[in-house]
Amino acid sequence: MFGYWDALYFLYAFLIGLIISYLLMKWAEKVSMGTRRTGDGTKIYISGEDQDKVIPHFEHLSGYFTGRHVMWGLIRGVHRMFLVFRREHTGLLTDYVAYLLITIAIVLGALVIGG
Amino acid sequence: MKILYVTVGLIAIYLYVSFASLLWEGLDRKLVARMQRRMGPPILQPFYDFLKLVSKESIIPRDANKFFEIAPILALAASIALLAYTPLGFEPILATKGDVIVFIYLLTLIAFVRVIGAVSSGSPYAQIGAQREIIMLASREVPMMLGLFTILWRLSKLGVEKPFSVGTFYQYNIWEIGTPLTIVGTFVLLMVFLLWLASEIEVGYFNIPEAETEVAEGPMAEYSGRHLALFKLSSALKEFASASLVVAIFFPWGVSGYLGLSGVGAVILDLVFHTLKAFAVLFVSMSIFRAITGRLRITQAVSMFWSRILPMSLIGVVLLVIDVLGVIA
């Protein structure tokens with residue numbers, strides 16, 4: 001899609017952006033009241049809540065809520081797929097052709113998404 | 001020669017858009033305040049805010065890692081690079097074959113950098129905000145890109161050289177095609193784009209990642225001082241650039257042609273006119289939307305994107321496709 005020079009110009013534009021924002025940051029560092037590297041946080045933990053465990057109003061989010069459920073969902077989906085295959089399996093040639101097509105579809109899907 | 005043109009042009013545009021976008025923030029706050037029968041802050045308040053934030057002390061939490069401090073610089077750098085690909089009443093400075101794709105890539109990159117900064121802050125509020133930001137990002141890009149590429153495809157049927165470039169919008173205007181199906185389809189896609197714009201700048205319904213009263217500004221929870229100032233400037237630039245895309249797609253008309261101007265005068269006049277159009281689009285998509293809607297829950301927002309806005313986009317696409325294929329004469 002892009003020519004060689006277009007890619008280089010993109011890098012150049014990004015570099016200009018980096019330089020401008022770095023200079024802005026340095027200038028701000030000079031004129032500001034400095035930096036304080038301490039404390040548990042600025043706005044939230046003033047009241048002394050335990051940041052590692054409980055977030056107020058988000059108690060249900062303790063642990064790896066999303067990750068765990070997505071993982072179990074995937075495992076359950078794959079498991080159900082195999083259950084369906086086993087139930088419908090008749091040993092005929094058409095079954096094996098169908099498996100082959102499904103496998104090709106999945107591999108192609110992965111290639112399309114990945115490539 | 002081109003290097004010099006790019007450098008000077010980009011810096012000039014950066015200065016102009018910083019001014020215009022911060023000015024818009026002030027106008028927006030004043031307008032929304034008047035809609036709610038408040039006095040509102042002075043129009044120059046965002047400039048005061050920026051200078052005040054720059055001069056304040058930056059507090060870095062103990063648990064934050066290095067990315068926490070780098071993220072604001074990267075976000076602003078990505079915003080400035082975005083301006084090189086933003087249509088501003090004329091073709092972008094770095095107009096190439098595929099600048100529409102670079103534009104979307106950079107818009108997404110800014111959101112990613114915000115998320116990286118938020119995750120690096122070590123605050124659970126920022127983590128929740130970052131999760132929401134990513135969920136919104138994955139939902140909002142689909143209808144927008146579907147509509148954008150369909151319009152580019154429709155225009156490419158008129159015989160343009162570079163179908164994936166922003167310059168296409170200035171060669172041909174989608175309304176000029178003029179068939180009833182195209183007009184209705186484009187109007188539907190305009191609605192999709194206005195909703196996308198509202199979610200891109202996270203106002204009204206879509207103010208979910210930064211929900212101030214709920215998760216204490218989400219990704220920005222731990223940011224303060226100059227780091228926050230850079231993020232604020234970066235979001236202001238992003239707002240203006242996103243609105244510029246909508247203006248370029250749907251309202252690309254310039255005024256310099258009618259007045260018979262050319263050269264620098266034409267560029268400046270078109271830039272000012274484009275800024276006014278961007279303000280008008282932002283007024284609909286940001287000020288009015290912000291004043292009349294409240295925040296949705298994240299699940300509601302996601303289902304709205306996938307079950308309302310995506311079908312809306314599909315309807316617009318199907319109308320344009322029917323028009324091209326000539327199924328209905």
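Every residue, even glycine, has its Cβ placed from backbone N, Cα and C.
What TrEMBL records for B:6-27, B:67-88, B:100-122, B:134-154, B:174-198, B:240-259, B:271-293, B:305-328 is transmembrane segment.
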* Does the transmembrane segment (B:67-88) make contact with the transmembrane segment (B:305-328) through 3 or more Cβ pairs under 8 Å, each pair 6 or more apart in sequence? -> no
* **Cβ pairs under 8 Å between the transmembrane segment (B:240-259) and the transmembrane segment (B:305-328), at least three** => no
* To do: Mind pulling out the one from B:174-198, B:271-293, B:305-328 with the most Cβ pairs under 8 angstroms to the transmembrane segment (B:6-27)?
  => B:271-293
* To do: Using a Cβ distance cut-off of under 8 Å, indicate which of B:134-154, B:174-198, B:305-328 has the most pairs with the transmembrane segment (B:271-293).
  => B:174-198
* Give residue numbers and ranges for long-range contacts of the transmembrane segment (B:305-328): same chain, 6 or more residues beyond its ends, CB-CB under 8 A. => 139-140, 142-144, 146-147, 150-151, 153-154, 157, 177, 179, 181-182, 184-186, 188-189, 191-192, 195-196, 199
